[in-house]
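Asks: Features from TrEMBL:
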DOMAIN    A:9-157  domain 'Cytochrome c assembly protein'
TRANSMEM  A:5-23  transmembrane segment
TRANSMEM  A:43-61  transmembrane segment
TRANSMEM  A:82-101  transmembrane segment
TRANSMEM  A:113-131  transmembrane segment
TRANSMEM  A:143-162  transmembrane segment
TRANSMEM  A:188-204  transmembrane segment
Amino acid sequence: MRKHWWKALTVIILAYVFVAGLMSPVPKLPILHEAIRNTFFHPPLWIAMMVMLLSSTIYSIRYLRNGKLDDDLMAVEFANTALLFGILGCITGSVWAYFAWGDLWPNDPKTNGVAVGMLLYLAYFVLRGSFDDDMRRARISAVYNIFAFAVFIPLILILPRLTDSLHPGNGGNPGFNQYDADSSIKRIIRPAFIGFTLLGFWITQLRVRLRRLEINLDEVEESTKSAAIPAELQNPTNL
Amino acid sequence: MDQFTTSLTEALRQDGKIWVVIVVIAIVLLGWLYYLLRIGNRVRKVKQRLDL
C-alpha cells in the first residue's frame, strides 16, 4: 500500500476537483458566465498531455543511450496516454469554443498548432507500425519522438504568444489571473493539473504492465512452439 | 436536424451555460471510461491466453 499512496492521492484530488469545480464560486464574466468552470477540466488535460509527452521524450532519449527495449515501451505508452488526453482536450475545447467564440474550431494559432501537433504524434504511431524489426522500430521512432516534441512545444506554447490569439494569456489577450482576485480559480486549477497528470501516470503504468505481460506471453508461446518442432526440422541442413 | 441542433444549443445555453460544463465533464469521464474498458478488454485477452 505504501507504494500506491499516489494513486489514493489521485482519487482524492480528482474528487475534489470535480466537486469543487462544479460547486465553488467563480468570477462573474460576460459571455463565459458559468462556462468559466471549464477552466478546471479543459486546460489540465493539456498540462497532463504535455507532461506525458515530456516523459515519453525522456524515455526515448534513455532508449537511445542504453538501448533497452523497455525504455522504448515506456516511451510509446506515455505517447499513447498523451494522445488520449490530447483528443479529450480537442473535443472539450471544441465544445467550449462553440459556446464562447461561436465556432467549433476557430481559426486560432493555438488550436491549429494543436491540430498539427496531434498529427505529428499520429504519424509517430504510423511510423512505428511500418517496421517489422523491433530494434529498428525502437531506434527510428525514438529519434522521431524527440523531434516531434521539439516541434510540438513551440507550436502550442511559443507561436500562439507571438500572434493574435483567442486563448486567454496568449497574443496580448489577458489571462484569467486578473479576474481571480480571491484565488477561486487557482485553488482548484492547480490541484487539477496535479490530479490529471497523476491519472495519466496511473493509466500509463497499467498499460506498461499489461504490455510487459503480453511480451512475456509471446516469448513463452514462441519457445513452446520451437520446442515442439523436432531439431532436424528447425535446422534443415542437419538432414 | 437543423431545428434539433438549434434547440440543443439553446438548451445548453440555459442557466448561465452550466450545461456546457456538464457536457465537458461528461466527455472527459466518458473518454477515460472508454480507455479503461479498452485496457480491460486487453486484460481479458491475456487471461484467455493464460488459460489455454
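Start at 1 and count along the chain as shown; that gives each residue its number.
Every residue, even glycine, has its Cβ placed from backbone N, Cα and C.
A TrEMBL annotation is a machine prediction, not a hand-curated record.
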Asks: Any chance the transmembrane segment (A:143-162) and the transmembrane segment (A:5-23) are in contact, meaning at least three CB pairs closer than 8 A with a sequence separation of 6+?
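Replies: In this chain the transmembrane segment (A:143-162) does not contact the transmembrane segment (A:5-23) - fewer than 3 Cβ pairs sit under 8 Å.
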Asks: Can you say which of A:5-23, A:113-131, A:188-204 has the most Cβ pairs under 8 Å with the transmembrane segment (A:43-61)?
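Replies: Between the stretches A:5-23, A:113-131, A:188-204, A:188-204 has the largest tally.
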Asks: With DSSP as the reference, give the number of residues of the domain 'Cytochrome c assembly protein' (A:9-157) in helix, strand and coil.
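Replies: Across the domain 'Cytochrome c assembly protein' (A:9-157), the residues distribute as 124 helix, 0 strand, 25 coil.
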Asks: On the 0 to 100 pLDDT scale, where does the domain 'Cytochrome c assembly protein' (A:9-157) sit on average?
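Replies: Summarising the domain 'Cytochrome c assembly protein' (A:9-157) by its mean pLDDT gives 94.
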